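Participant: In case it helps, TrEMBL gives these features for our protein:
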| type | residues | note |
| --- | --- | --- |
| DOMAIN | 1-362 | domain 'FMN hydroxy acid dehydrogenase' |
| BINDING | Y26, Y138, R173, H256, R259 | glyoxylate binding site |
| BINDING | P79, T80, A81, Q136, T164, K232, S254, D288, G289, G290, I291, R292, G311, R312 | FMN binding site |
| ACT_SITE | H256 | active site, proton acceptor |
Amino acid sequence: MSSAPVCLDDFEKLARLSLPASVFGYYFSGADAESTLQRNKDAYDSLLIRPRILVDVEKVTTETTILGHKINSPVCVAPTAFHGMANDEAEKATARACASLKTCYTMATYSNTSMEDTYAAAKQKSRKQDPLHWFQLYVEQDREATKQLVQRCERAGYKALVITVDRPRLGRRLADLRHAFKLPKHLSLANFIADETRSGAGAYAGGAIDASLNWKDIEWFKSITKLPIVIKGIFRGEDAKLAVKHGVDGIIVSNHGGRQLDGCPATLEVLPEIVDAVKGSKVEVYVDGGIRKGTDVFKALALGARAVFLGRPIVYGLAYQGEEGVRSVLSLINYEFRLAMALAGCTSTDKITPDYIIPAEEISLARSYAKYHSKRIAPKL
Ligand SMILES: Cc1cc2nc3c(=O)[nH]c(=O)nc-3n(C[C@H](O)[C@H](O)[C@H](O)COP(=O)(O)O)c2cc1C
Ligand SMILES: O=C(O)C(=O)c1ccccc1
């Protein structure tokens, strides 16, 4: 590809060309047959937008808030591990790009630069203003160590704890098995003190993640921190109701980008169920998985998401041009989203309601014909 990227899928093509196969394989893959990975993206194409016209859209704003913090666009950055394989500045570059565009950066537990250094880099970028950083937590068996991580987050200025609950064990990503993928030697898990289990294959296996994690632990987290708690990986209404009952502040509807349980629905397909389950509470609902276009953001918001999170496109941007590349990815999808809003006749995010969308299945030619031509004329054969 010789020209500059003009859509998010272009960044994937560029990353495929430039990264070592094992690294691209790690970033790109889903679990098993990758049917959920594909379904996450396809779901957006099965939902159609019904635009309003002659609405004054000279001024369109994409601004919104999450957990009370202002962001310039509802497109935020999902936690993804190991940014050091894409760029030497690693998570610092990603966080700087988010700070300069005033959106939320979620740092992964298994990052290659530490939470303190990354926050400091972003703060410098935003001219000493506090950047909006959340911290994604993998809960490990050693709860004392987990508690220390949480306390460090609070001290460092992180604004929410995102607890990932869809990875009691690592999904089977076939590319990683084929490449015997491991974290390259020159990189470390910078939020931890280096040891055997935290480098190479050990770092990938995440062996210390606690498969016994359950709702009692969520109560424990609430007792040890004042930070808002966001649960990432809720997939059913019943669990969303339990989240409300346990006093969480936010939910990210996620199937881990199709990297864990293959064969589950797309996140967009279950979003309405979750939004309905938390109705009447203050819990905010976000979604990730398969979002690649401005119209995808529009559709997710129309179905009730307050914001969306991007995973893979961010690491592809990082691999392309570091901080500038991440900025390009975010700026491009923000531009597309603003355009979609204007073309659909919405001037602010709160105006994007379910009324603007319709599942493709409900709008076939046969149905429209039957609905609007009551006296059907049988063709003479
Ligand atoms: C390379 C990669 C690494 C990831 N690492 C983590 C992680 O450490 N913690 C986590 O909660 N989710 C992780 N995820 C899942 C993302 O947070 C997110 O749910 C997913 O990527 C969204 O789908 P998308 O890539 O289609 O945007 C990872 C995803 C990818 C692609
Ligand atoms: O790749 C992932 O999806 C993921 O969550 C992860 C994080 C750290 C190490 C290995 C996998």
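Backbone N, Cα and C atoms are what each Cβ position is placed from, and that goes for glycine too.
Owing to the predicted nature of the structure, the values given are computational and were not obtained by experimental measurement.
Surface or core, plus neighbours and distances: that's what I need for these features.
Facilitator: Less than 8 angstroms from the CB of R259 (glyoxylate binding site) sit S29, G30, A31, L37, G171, R173, each of them six or more residues away in the same chain.
Take the CB of G289 (FMN binding site) and look out to 10 A: across all protein chains shown you find 30 other CB atoms.
When Cβ atoms from all protein chains are considered, those within 10 Å of H256 (glyoxylate binding site) total 24, not counting its own. In the three-state DSSP classification, H256 (glyoxylate binding site) falls within a helix.
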Participant: Within the chain of P79 (FMN binding site), which residues six or more apart in sequence place their C-beta under 8 angstroms from its C-beta?
Facilitator: T106, M107, A108, T109, Q136, V162, T164, K232
Participant: So, three-state DSSP: helix, strand or coil for I291 (FMN binding site)?
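Facilitator: Going by the DSSP assignment, I291 (FMN binding site) belongs to neither helix nor strand, so it counts as coil.
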